[in-house]
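Undergrad: Let me begin by handing over the structure; questions about it come next.
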């Protein structure tokens with residue numbers, strides 16, 4: 001572990017950037033059509049319960065990351081197994097998000113550029129960030145948080161001013177009842193982005209104000225949940241539920257609707273900023289967690305040593321992961337959710353918590 | 001890893017990236033042909049004809065910039081034929097020396113024949129292409145092909161496509177018989193069952209051959225002129241009818257698209273004696289269910305001034321004004337009702353009444369959905385309520401007529 | 001952990017004499033006057049500015065004595081009018097031994113200030129070279145060093161960098177004493193401590209460390225002290241030498257130590273708990289630790305009212321980024337993202353580029369380099385010729401290049417905006433680093449368009465966030481965010497709202513002002529009463 005400290009505020013901002021990450025640009029949970037904002041809010045509510053599980057685990061073992069206390073809870077052998085699985089999971093998700101990011105960028109602005117090059121450039125930046133450590137990443141997060149919020153508010157105000165919002169497009173609410181909403185919640189929005197907060201169990205030990213971890217995490221989940229719901233609602237109110245569900249980037253279509261005085265138009269750059277910054281922080285947090293997890297697991301003192309090999313692995317994995325975008329998305333929705341998100345975000349943490357609670361009864 | 005090795009690694013990677021990157025997605029401005037308008041037609045054997053109006057940048061910016069402006073024409077027209085739009089577009093490269101670039105295409109013109117055959121297939125390519133903006137305006141070429149409509153030089157706005165777009169926007173705002181419809185709205189209407197497509201048409205009149213030449217813009221009265229024409233009504237993506245004049249304006253009233261317009265009412269036996277200038281208007285459409293049958297209520301609110309009186313009229317008298325307001329309300333109501341009846345004859349719900357019902361009564365809508373245009377819409381009961389306000393009377397409060 | 005810099009692992013076996021040109025005679029002085037004078041002559045190589053004046057002391061004028069000084073760096077009128085005269089006029093006892101004579105001189109002369117007895121040659125030479133006058137008496141193996149520093153110095157003038165419309169007009173000079181005095185005059189407090197260090201084996205440059213005891217963080221003071229002591233180099237000719245030898249991070253384009261020519265800025269920084277390093281022979285005073293935002297704080301921000309100051313500061317940060325990315329943005333938008341430019345504009349730009357034979361990157365690079373050449377030429381040249389250069393530059397770039405169709409006029413506009421923006425940044429040190437990064441960003445923009453720019457900006461931000469200046473995070477108080485200090489960053493809150501000193505620099509004694517400093521004009525009713 002690095003000997004650095006994060007404040008609760010930095011944790012909060014990092015979590016916000018992480019949650020928004022790619023979620024704000026991709027068509028998140030659009031199977032719920034015009035009720036997607038409800039699906040996101042429900043995902044958020046359940047997500048904060050999941051976060052409570054992660055937080056309770058942290059309160060039992062406040063000085064070590066997840067990969068260490070898993071060994072304390074179920075013994076060295078199984079614990080190491082679990083830790084290894086999680087390290088691989090974090091790195092795999094880093095590769096997945098990197099692939100997402102590259103694909104989005106490619107479709108949107110760089111049709112002729114090889115995916116590998118776009119991903120390599122991004123990965124290089126992320127490796128630099130991981131090399132500099134979590135403290136630097138958190139500080140950069142504070143700066144970009146402010147910047148991104150400024151951009152978001154600007155975009156939001158512009159969309160409202162232009163008058164392309166038609167609230168009626170959000171109707172009828174619950175056209176097909178709660179069933180459709182919950183289906184989306186339990187297959188998508190709970191895990192991405194809210195369940196992904198599991199990765200922060202690797203970062204909690206760095207936080208110097210332990211009491212504030214819970215509230216910082218919750219605030220981050222709530223704020224990003226509300227923001228995401230608002231953004232998706234805005235997308236629907238501007239371009240319609242049908243177009244949103246067919247679009248690769250609903251937010252881009254919404255931003256393209258902004259036209260003021262024949263000059264303030266074509267503001268795709270706002271979208272691009274959100275995409276790159278969000279992607280950067282999301283992948284960075286996953287990658288960093290993977291790296292320090294591996295360093296912790298294999299008792300390597302300087303995590304910097306692992307950055308080069310693991311970075312390269314993530315980069316290559318992001319290319320090798322799927323043949324085309326459709327396959328990639330399909331994998332993400334079906335295989336990853338069932339075989340990775342559900343066991344690793346929900347089942348194992350809950351089991352660990354139960355065992356930890358039994359073991360620490362006397363406390 | 002020591003810092004030295006790290007630096008070395010960075011340098012090596014950067015060099016690789018630099019060498020490997022042949023600047024793939026890079027295009028210099030001088031390598032692009034900015035397509036400002038696209039015209040779409042269909043040949044008799046079912047192929048698409050795509051017409052590109054390409055900007056000639058050197059000639060647009062005018063004489064201020066050195067190198068251009070010396071009498072050249074601002075746009076050039078190319079056509080290409082293909083089985084589908086992508087093919088036609090790529091084939092266009094045979095004739096154009098630069099990369100055909102659609103990001104600044106602000107106008108899509110659809111030939112009348114193609115419109116009649118159906119525009120369903122056209123918009124997929126437009127929506128899918130990341131270059132293409134869904135904010136592009138779409139119009140139908142009335143009584144001619146899109147190619148014909150686009151082959152004209154225009155005097156005030158040098159680029160004919162801009163002339164069409166600006167004319168459309170301005171007349172929608174000032175007069176309100178034409179509609180500036182974006183590709184995105186059309187796609188939305190095509191995807192919804194409770195809403196059909198409606199858009200404006202444009203027509204080129206006059207000597208079309210001379211219209212293609214520089215002579216056209218050197219004459220005080222151009223040989224060929226563009227003007228906005230009737231509204232085209234579509235059903236399931238196929239052009240089925242035209243709506244013109246006051247009916248067209250009635251459609252815009254319902255669609256909440258009227259910003260300003262002018263309408264005249266009779267006063268003391270004199271026909272069309274007082275002209276009312278609408279300065280602000282707002283329309284709300286609400287659906288209700290009355291014993292299982294849907295009822296649509298249209299609420300219109302208009303504010304405006306008196307623009308012209310052809311009879312002696314004391315506008316200082318509030319009771320007179322109230323009377324006038326009443327007459328105006330009736331006039332608007334009549335116009336809107338007539339328009340709705342006219343559209344109901346076409347059996348195509350361009351107002352989106354179906355969507356309004358869908359939003360308020362999703363369950364009932366499921367039953368009506370399939371036969372909406374055929375069974376329900378033509379017999380739909382529509383109530384129109386108008387509130388008109390005369391706010392000001394211009395610079396005079398009484399007419400000089402006695 | 002506040003201090004995290006890496007200590008160099010290399011163990012330096014520092015030779016005390018490292019960098020010395022030639023050895024100064026060691027040991028103590030002789031008791032024969034002639035021998036001593038000979039030694040001095042030999043050591044200084046008979047330099048012509050060494051003045052040796054022999055005379056006789058005592059009631060009977062029987063004791064040989066000599067004063068030795070360097071003309072030019074001493075106050076000669078003081079030596080001749082007061083020192084020499086009073087030495088000769090001292091009422092010596094009749095049978096005065098040479099030993100007692102020296103004692104007498106030391107006790108009786110009131111005309112000079114500091115006076116020291118010394119024996120060691122190296123001390124004597126150091127005093128002599130710094131402008132003191134040495135008094136030798138025959139038969140005594142001790143000499144008297146009398147402080148007669150003086151000589152010609154540049155007078156106090158208005159600083160030539162960091163001009164202000166409102167604010168004090170004086171700037172530092174090359175004289176260390178004057179500089180210290182200028183700061184002293186602003187902070188009349190015994191807690192303003194000055195420490196002297198001599199650095200430079202050959203130049204023996206006097207360097208002073210200045211801080212306010214009780215406000216400055218002792219740890220940081222100690223750290224500055226150790227870093228200064230670690231310097232073993234032959235010469236310190238300007239404070240830039242010291243800056244480069246003590247900064248935290250060499251491989252960065254960003255300055256981590258602030259330098260200024262204005263005593264009011266130094267005083268303000270001392271009051272914030274920072275430490276000033278004054279170097280003899282240069283008007284530029286170093287201030288440490290420095291943070292990023294400090295380079296955007298112009299001195300007038302604090303003299304003008306807060307709303308104006310805030311607006312100007314926001315403008316400055318904005319133009320810093322403008323000067324950073326404007327050309328890169330031009331390249332990215334015109335070669336990658338033509339769809340993001342409004343139609344009218346893109347056609348206008350395309351029309352201009354129609355006849356330009358170069359790719360946008362080459363065009364931009366060419367113009368930027370030309371501008372840098374012009375700037376560099378203008379800076380070094382005498383003022384009169386400098387104007388000629390700018391006229392030629394304006395004609396060549398602005399007019400001819402466009403007319404010849406080598407560059408587009410949009411590019412000229414972009415370059416001009418960039419240039420003006422880089423001049424509008426209050427600190428030259430940060431403006432020049434922006435220039436370097438600008439070229440990097442242009443390169444990235446050529447490769448990857450906007451994506452490249454954003455990757456570059458992310459890299460830059462990560463780098464900035466990883467910098468520290470004497471343990472203080474460079475981006476503080478923005479990152480890590482310190483809400484109480486945010487009032488003096490991108491904004492400048494009213495003076496009465498700036499209650500605390502920067503937190504990461506100070507740890508104790510943070511409150512700057514009393515509780516209710518907000519101006520409270522008498523309320524309305526009272527005012528009416530006053531009117532009567």
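Each Cβ is built from the backbone N, Cα and C atoms, and glycine gets one as well.
Worth saying up front: this structure is predicted, and the values here are computed from it rather than measured.
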Undergrad: Kindly point out the range from A:98-114, A:115-131 that TrEMBL annotates with transmembrane segment.
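TA: In TrEMBL, residues A:115-131 carry the label transmembrane segment.
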Undergrad: Of A:58-76, A:77-95, which range does TrEMBL call transmembrane segment?
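TA: Per TrEMBL, the stretch marked transmembrane segment is A:77-95.
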Undergrad: When each of A:36-57, A:77-95, A:219-241 is checked against the transmembrane segment (A:306-326) for Cβ pairs under 8 Å, which one has the most?
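TA: By the under-8 Å Cβ criterion, the transmembrane segment (A:306-326) pairs most with A:77-95.
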Undergrad: Taking the transmembrane segment (A:36-57) as reference, which of A:115-131, A:185-207, A:269-294 has the most Cβ pairs under 8 angstroms?
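TA: Ranking A:115-131, A:185-207, A:269-294 by Cβ pairs under 8 Å to the transmembrane segment (A:36-57) puts A:185-207 first.
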Undergrad: Could you tell me whether the transmembrane segment (A:77-95) and the transmembrane segment (A:219-241) are in contact, taking contact to mean 3+ Cβ pairs under 8 Å with a sequence separation of 6 or more?
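TA: Stretch pair does not touch.
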Undergrad: Applying the under-8 angstroms CB criterion, which one of A:77-95, A:115-131, A:143-165, A:185-207, A:269-294 scores highest with the transmembrane segment (A:338-358)?
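TA: Looking only at A:77-95, A:115-131, A:143-165, A:185-207, A:269-294, the most contacts with the transmembrane segment (A:338-358) come from A:185-207.
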Undergrad: Any residues 6+ beyond the ends of the transmembrane segment (A:143-165) with a Cβ under 8 Å from its own?
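TA: Distant contacts of the transmembrane segment (A:143-165): 13, 16-17, 20, 227, 234, 237-238, 254-255, 257-260, 264, 267, 270, 273-274, 277-278, 281.
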